[in-house]
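Asks: Before anything else, here's the structure in question.
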């Protein structure tokens, strides 16, 4: 197989191995039929097949444009394809080319109704999908679903002869990008052959080039291309679907439990140097009431003569800094080694993580950063302050 690493123009000509002598009868017949091909295709609703000459100098030809192509665009594409075949395949008895919006194929033997898979031409874009910022797992799911849908639409054969075996489909990605796929078979093959050809092409592309930002596989009987931008005018009338939902919707992270700004401002540089990194305080907090507790905490700070504590049932509150402390290993295990996926907030003095103790109790864990301006005693006071709020869910 031949690989071309850019998709600026999908127009590489594929020449077969048979040859004819220059200026022979076959050469004259080939030039004659190619010279009038553009006008014949546009006058026959975008599809034309014919032959001229007598065996063994007879030449068979098929040419078509994708459905809904403007006549002038179709004519220009067919003319460019014909000229390209004359230049690139100067004395080959059989060749084909499949640019963006048209196809031309000729041979010295009749091929009508016959599925021809080779020679094939895979092409791909050098850019990687990962460079677009989209999650590769999400992209592969969207891509695979789009390919199956496009194959089914292209191979159903329900349209008129010149319009059948064509489909242009799109799929949306979560990062507001769109995947565009176009497939087409020559209308002389059967629906089953069209489906087989397209499935093989998609499979060949996945085997060689998965993870790239676009690609195509060209065969004598079918064509497949996908990209991250529209092309060939094939998607002008396509309805764009909404983007897929992410694999798992995560709740909005609550604000971190941090002391009042005024308290932080009163700390000296000396206090900041005393911040140990090994002390971690875990506070049992249901996520649903964190925001409410913060509001209550601010009110408590403003009331200098608030009653210190109220009597509560055993187990409803924690009253000492010592009872708030857990071993580092216990908290490390509860937060899965402070996994990024468990982070639920970030403040000026550190991060807040969601954790689960061995007993099954859910905890919120605040860990001071090395550069935090919050001292050890202030850290403990913050924990005690929250426990004195007397909320049954705290």
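Cβ coordinates come from backbone N, Cα and C, glycine included.
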Asks: With TrEMBL as the source, which of 178-209, 210-241, 242-273 is set down as region 'Disordered'?
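Replies: From TrEMBL, the annotated region 'Disordered' range turns out to be 242-273.
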Asks: With TrEMBL as the source, identify the stretch among 279-301, 302-324, 325-347, 348-370 annotated transmembrane segment.
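Replies: Range annotated as transmembrane segment by TrEMBL: 279-301.
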Asks: Determine how many residues of the domain 'Gnk2-homologous' (120-231) DSSP places in helix, in strand and in coil.
Replies: 42 helix, 32 strand, 38 coil
Asks: For the domain 'Gnk2-homologous' (8-111), give the DSSP counts of helix residues, strand residues and coil residues.
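Replies: Result for the domain 'Gnk2-homologous' (8-111), in helix, strand, coil order: 36 helix, 26 strand, 42 coil.
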